[in-house]
Every structure is written in C-alpha cells, then in structure tokens.
Amino acid sequence: MTENKTVLYSYWRSSCSWRVRVALAYKKIKYEYKAIHLLKDGGQQKSDEYSKLNPMKAIPTLEIDGHIIGQSLAILEYLEETHPENPLMPKGSYERAIARQMMQIIGSDIQPLQNLKVLGLIAQYSGDDSKKSEWARTVITNGFNGLEKLLEKHSGKFCVGDSVSFADLCLPAQVYNANRFNVDMTPYPNITRVNQHLLTIPEFIEALPQNQPDAEPQC
C-alpha cells in the first residue's frame, strides 16, 4: 500500500466499481486506476497478491488515507463521512433512510444475485448455460418492481427528490445490466427517467464503463 495515494482496483464493467467511480468523481478525489480483470488468468481478483488486499477476492478495493477498504457500499459511506464536500446524501434523516433503502435493493437484493460469480454457479449446477440470462432477468425484474414503486413516490430529478444520493450512484450500472440481459424496461418509467437524467451529468459520464482505461471494444 502506498501512503497518501488513492488507488482504485476496478474492472471497467463491474457494477460495484462503477458506484465508487461516480463517488470519487463527485468528491473530486484524484486516484490511480488499477485494472483487475475478472476473467483473464482465471480471474485476476483471485491472485495471491490481490487476495492480500481483499480477502473476499472481489472488487472494488480502495486504498485511501492510508487505509484499505473493500465492499462498494462501505466505501461510499467512508467517502461521505471523511470527505463531506459535495455531499452524496440528502439532509433529512427520512430521505437518507429512503436513499439507503433504494441502495440496498440494488446492492443487496438485485446485483449480488446476478453477478458473474452467481451466474457461473447457475450454469454449473443447472448444466444449462442459457439459464444464466433467464435467472438474471428474473432477479432484476423482481427488484425493479419494488424500486419503481419507491421512485414513483420519492423521486424528483434524482432517486430521492432533486439531489444526488447513494441510490443514484447504484442505479446506472443496474440499468446497464438490465439492458445486457434484455429486461423489458417498459414497466419502469421512473427508473428509466431518472437514469436518463443521471447519464447527462459529467461525473456519471466519467464513470461509464466505456470511459475506463481497461474498457474492451465490445462495450
């Protein structure tokens, strides 16, 4: 670990890394990008060297302020607490709770159930590679059904009112995944509307997969 140097271990298409990239952009924190390819060499996150940084062998990992932090949602909380400038949460306690509720729907109920590791297990135990997309669509649809209702009640320009929150940092990557797995977005007008707004904001554009140094041509 390099003292006083911020380093993000990331993969261009990783949903969890994407959230952190947006946060770092909003907080105006300069960092070094170190690519960890999730497929090459059997998964570079499984290497002995990287495992010393992150015992879960997952990304992202952030080196910052002399510390090493894994898990994207924990990283977001740390950045908000230690770098209060350009806040990423609403002021009101209730609004903050709703933002965290939305964040957890994506970060706990949807994305982990359709990530690369889980889809690999689906194919392995079913013996049918085509089941991966079917499973992902089911998981995303179930989660979006609940998220859409919350956005109908609480959203403005952003997921919660008219200011950015952790929920917004999680949304674009999940919509990206929904599109990858051909989820019908017609039933989700509020998710679509908020996501379209987010993708006009410079910090969100900077964090897009295709704008990362390790982006691959098929993006």
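Each position is counted from 1, following the chain as shown.
Each Cβ is built from the backbone N, Cα and C atoms, and glycine gets one as well.
Cβ-based neighbour count (10 Å, all protein chains) for Ser14 (glutathione binding site) stands at 24. In the three-state DSSP assignment, the secondary structure recorded for Ser14 (glutathione binding site) is coil. Marked as glutathione binding site by Swiss-Prot: Ser14, Ser15, Cys16, Ser17, Trp18, Arg19, Gln45, Gln71, Ser72, Gln111, Asn115, Leu116, Lys117.
The domain 'GST N-terminal' annotation in Swiss-Prot covers 4-87.
The domain 'GST C-terminal' feature in Swiss-Prot is assigned to 92-217.
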Sequence-ordered list of residues in the chain of Ser72 (glutathione binding site) that lie 6 or more positions away and have a Cβ within less than 8 Å of its Cβ, or none, is Cys16, Ser17, Arg19, Val20, Pro60, Gly107
DSSP puts the residues of the domain 'GST C-terminal' (92-217) at 90 helix, 2 strand, 34 coil
For the binding-site residues Gln45, Asn115, the largest set of other C-beta atoms within 10 Å encircles the C-beta of Gln45
Taking every residue in the domain 'GST C-terminal' (92-217), the average pLDDT works out to 96
Taking DSSP helix as H, G and I and strand as E and B, the domain 'GST N-terminal' (4-87) has 35 helix, 16 strand, 33 coil
